[in-house]
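Participant: Please read through the structure below; I'll follow up with questions.
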Amino acid sequence: MDELPFGEAALEQALAEVCEMDAALLTDIEDMLQLINNQDSDFPGLFDAPYAGGETGDTGPSSPGASSPESFSSPASLGSSLEAFLGGPKVTPAPLSPPPSAPTAVKMYPSVPPFSPGPGIKEEPVPLTILQPPAPQPSPGTLLPPSFPPPPVQLSPAPVLGYSSLPSGFSGTLPGNTQQTPSSLPLGSTPGISPTPLHTQVQSSAAQQPPPASAAPRMSTVASQIQQVPVVLQPHFIKADSLLLTAVKTDTGATMKTAGINTLAPGTAVQAGPLQTLVSGGTILATVPLVVDTDKLPIHRLAAGGKALGSAQSRGEKRTAHNAIEKRYRSSINDKIVELKDLVVGTEAKLNKSAVLRKAIDYIRFLQHSNQKLKQENLTLRSAHKSKSLKDLVSACGSGGGTDVSMEGMKPEVVETLTPPPSDAGSPSQSSPLSLGSRGSSSGGSDSEPDSPAFEDNQVKAQRLPSHSRGMLDRSRLALCVLVFLCLTCNPLASLFGWGILTPSDASGVHRSSGRSMLEAESRDGSNWTQWLLPPLVWLANGLLVLACLALLFVYGEPVTRPHSGPAVHFWRHRKQADLDLARGDFAQAAQQLWLALQALGRPLPTSNLDLACSLLWNLVRHLLQRLWVGRWLAGQAGGLQRDYRLRKDARASARDAAVVYHKLHQLHAMGKYTGGHLVASNLALSALNLAECAGDAISMATLAEIYVAAALRVKTSLPRALHFLTRFFLSSARQACLAQSGAVPLAMQWLCHPVGHRFFVDGDWAVHGAPQESLYSVAGNPVDPLAQVTRLFCEHLLERALNCIAQPSPGAADGDREFSDALGYLQLLNSCSDAVGAPACSFSVSSSMATTTGTDPVAKWWASLTAVVIHWLRRDEEAAERLYPLVEHIPQVLQETERPLPRAALYSFKAARALLDHRKVESSPASLAICEKASGYLRDSLASTSTASSIDKAMQLLLCDLLLVARTSLWRRQQSAASAQGAHGTSNGPQASALELRGFQHDLSSLRRLAQSFRPAMRRVFLHEATARLMAGASPARTHQLLDRSLRRRAGSSGKGGAAAELEPRPTWREHTEALLLASCYLPPAFLSAPGQRVSMLAEAARTVEKLGDHRLLLDCQQMLLRLGGGTTVTSS
């Protein structure tokens, strides 16, 4: 065995020598102790997070910090480092004698329990290697630390940091892993330790090569000698009362090598720093520079050596740690999104995060909808099976054959689930059966978003329907009809039979001779018999041929869909999806679903012009045959001529379902939600009508009537005016269909049975628009029902007729009260129509009927109530007006939010007239006049903003303006009556109107004059109210008499010679004539009356007219004035 490089004699000599460097260091320490600054700012990295407190623990053999024997270098490299490190007595093996210069023994401390790291602390195995080159001849590249003699002080027992007793070596653990605080190290109790340089290297076992085999004996010997040596490792741990001295500077520590050090692995960062010495209480503690592998340390430990460089580096470390945490969060979220993408759209798809989340949301909603629908179907099937007995099930299976299949026995491809609906900007429309990829009407999606792989293999496949349920196409039906027509017109059977019979006679005639023959007479007799029998046989054959063709067309050519069959499942699937699309407002997608539903029933819509022409001609022929009851009876035998009640019931139900779908498509086309021309719409209307008639009692009469009305609408819209008489026929059929079953017409169609509504529908000039026009007098109804739009137009027509009855009554009205009664009749009809024009809550379903589900139009009802109140005020029927006050006071929200001032003008005019026309108030209040002024302001704004107003707007403005003027006149007349009650004469000697009243009256009169420029019926009211204004102001009575005489004498002279000049100005009505009589008889001076008794005669005539008008209160006033003037004269009706 070779001699060890560190012998007993060498160690004694090294420890006995006095080191000059120790003396120099002690001298420097004494000089610099006076300059020690104990502030925390000198050591900024002392109390950072890596040096937080914790328990000190030793690294056991099984701990990650324990070094394996492979982590040591060769014994030749251990001797020099151990010789330089040991500054006191050491324990040697048995063969060696203890040195005499080591009087102090090292006290061994018991092992501390293993350290348990806290949360967030990662334990890193850090092997420690002490390198020492051979003493005699160092190898190249080996760094030899100087040897220092021991100081005169003795070694005190001190705890060892990171030291553990092992049978074959020792290990050091980094302070960051053991959570040792600087305050827990007894630095002041370690005297006698000289400042000796100690070179250590920490690297992973994977990057270090094992030592040679020849170095194993030395390795074991050295390990046995140094296992009890206390090693103090304190890299960069300092205290505030310590002094930091740099003894040895290693600028190239990141690249130096020793004899026993292998090259560091790539990617290993080297942390190299100067040898640091801590001096506290006469104790010198050497720090160890470490070589750290960055892959084995947490992020907050990578730059721990540079903590003392300043606070900027600390902030950078915190920023690095925060970025690392954010990176972990992002990585976790991205992993979950990738996992969600794999579940929803498959692993091969390439989607962004938003598309993945959108797909997931759509898929979840689809699953919820599918579960709900399956639960409903399950409950339906359970209830159906519970209601059937065993005998019914057996009979159904025996009669239905293979067509009536239960849901449990269906094929998987029929009952398979739908694919989830595509996203807004997602999958292409061909991926889902809910969209029509073949028609090209649905919007295509992006190719980067494929469908879910869970449904790629389960998509609905196009099944070949059974031959008996598919039926015949329309072009085949038309071809068969043409064939029958040709057989009836050309009669080929007669020609065929005639040729076959005449051929033998012609043949015998060619070879006969000139002589007589007895057989010739016999042949002549046989030909006469066949000629007599041939025509009936031919017509019988033709009749049989026609019957066979009709049976083939109506009985065996009609597609019949049995319940719970594959086509029925497909039909109801698309039907329910169409309901959802209608409720969502996606009318294009709803039309596509209805198109697919008809295709599932075996009734595909025509796709070419030829198919469209054939389908339209066939529907015309079929409707003509059904008018003769032949086609309707044959259609009732659809499915077969055998008496199968269940099959016929299923045929009627199939016809009903197809008719409802055709009708809904027709409604969508009429409202502009479905593309196509007039021929397409006519074909849809005829198809719905023919199938609804064939459905019989399977369809409700309200739905059948609605289909008739839709056909009448199509005639009104698409056909020329010469064929508009057909609308009367269809409306009559709808009325008969309603009365035949229940004896009552549905609420939505009652106005069609009224003479005014029937005349408006047939002769009115109106049109159905795809986008309903905004109106101030009604709200839009069902957006997919054209009948609701026509009802809305009729409501506005009724309101206009009621206003015109007051503004410009008919010239031939002999009765003065007729204008008010006609207006009230129109308003009553308007109230009934407004209950059926609004959009109902469940009107978007395919099976919903406008006749059964109706709503209310609050706007039309409010305008009707307001107009009725004004009419009752004009008739002086205040009790009837008071019953409508609550309806007028609550204006609808739609009218409150509108920007047009006309509804506000109407509301405040009602409030002002209600306050001023009350006969119980004699004096005007400022509040009532303020409301009146506000109403006048809104009315002027309405006249200024509607320069091109419609006729109904002008009629309403005339009514409101006249109402305000009448209210002001009534207030002035009550004041005059109260003042003149004290006088003896009938003429008014009371005070004139105030300036405020006159100014308001003149403003309203100016508005009336402005309205009369564009609306001619307002001119006659201008004359009357202008005369009233002159009377209120006390102006010259001459001009006032002329204005009143214009209203009095136009009515008498209008029946004379008439012409164009006489019709330029409208004639005054009975109400205007009565008002002029009262003003002239009460307020004109006696000088302007032609005779002494003319005043009494005028009052008597006014009383008779008022009695005709039904104004009982004004009649009582006239009688009282007559009693004062004539002394008991009474008025009798004449």
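Note: Cβ is positioned from N, Cα and C throughout, glycine not excepted.
Bear in mind that the values here come from a model prediction, so they are computed numbers and not experimental data.
When I checked Swiss-Prot for this same protein, it listed these features:
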type     : residues : note
COMPBIAS : 165-202  : compositional bias 'Polar residues'
MOD_RES  : Ser97    : phosphoserine
MOD_RES  : Ser116   : phosphoserine
MOD_RES  : Ser331   : phosphoserine
MOD_RES  : Ser332   : phosphoserine
MOD_RES  : Ser389   : phosphoserine
MOD_RES  : Ser395   : phosphoserine
MOD_RES  : Ser448   : phosphoserine
MOD_RES  : Ser1047  : phosphoserine
REGION   : 46-102   : region 'Disordered'
REGION   : 116-221  : region 'Disordered'
REGION   : 227-487  : region 'Interaction with LMNA'
REGION   : 367-388  : region 'Leucine-zipper'
REGION   : 415-468  : region 'Disordered'
MOTIF    : 27-35    : motif '9aaTAD'
TRANSMEM : 482-502  : transmembrane segment
TRANSMEM : 537-557  : transmembrane segment
Participant: Just counting, how many other CB atoms are there within 10 A of the CB of Ser331 (phosphoserine)?
Facilitator: 10
Participant: Determine the minimum-neighbour residue: among Ser332, Ser1047, listed as modified residues, which Cβ has the fewest other Cβ atoms within 10 angstroms?
Facilitator: Ser332
Participant: How many helix, strand and coil residues does the region 'Leucine-zipper' (367-388) contain under DSSP?
Facilitator: 21 helix, 0 strand, 1 coil
Participant: Could you please provide the mean pLDDT value for the region 'Interaction with LMNA' (227-487)?
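Facilitator: 58, rounded to a whole number.
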Participant: Taking just the CA atoms, what is the gap between Ser331 (phosphoserine) and Ser1047 (phosphoserine) in Å?
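Facilitator: Answer for this pair: 93 Å between alpha carbons.
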Participant: Rounded to the nearest Å, what's the C-alpha distance separating Ser332 (phosphoserine) and Ser1047 (phosphoserine)? Just drop the number here, would you?
Facilitator: 92
Participant: Need the DSSP three-state call for Ser331 (phosphoserine) to compare against my parser.
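Facilitator: It is helical.
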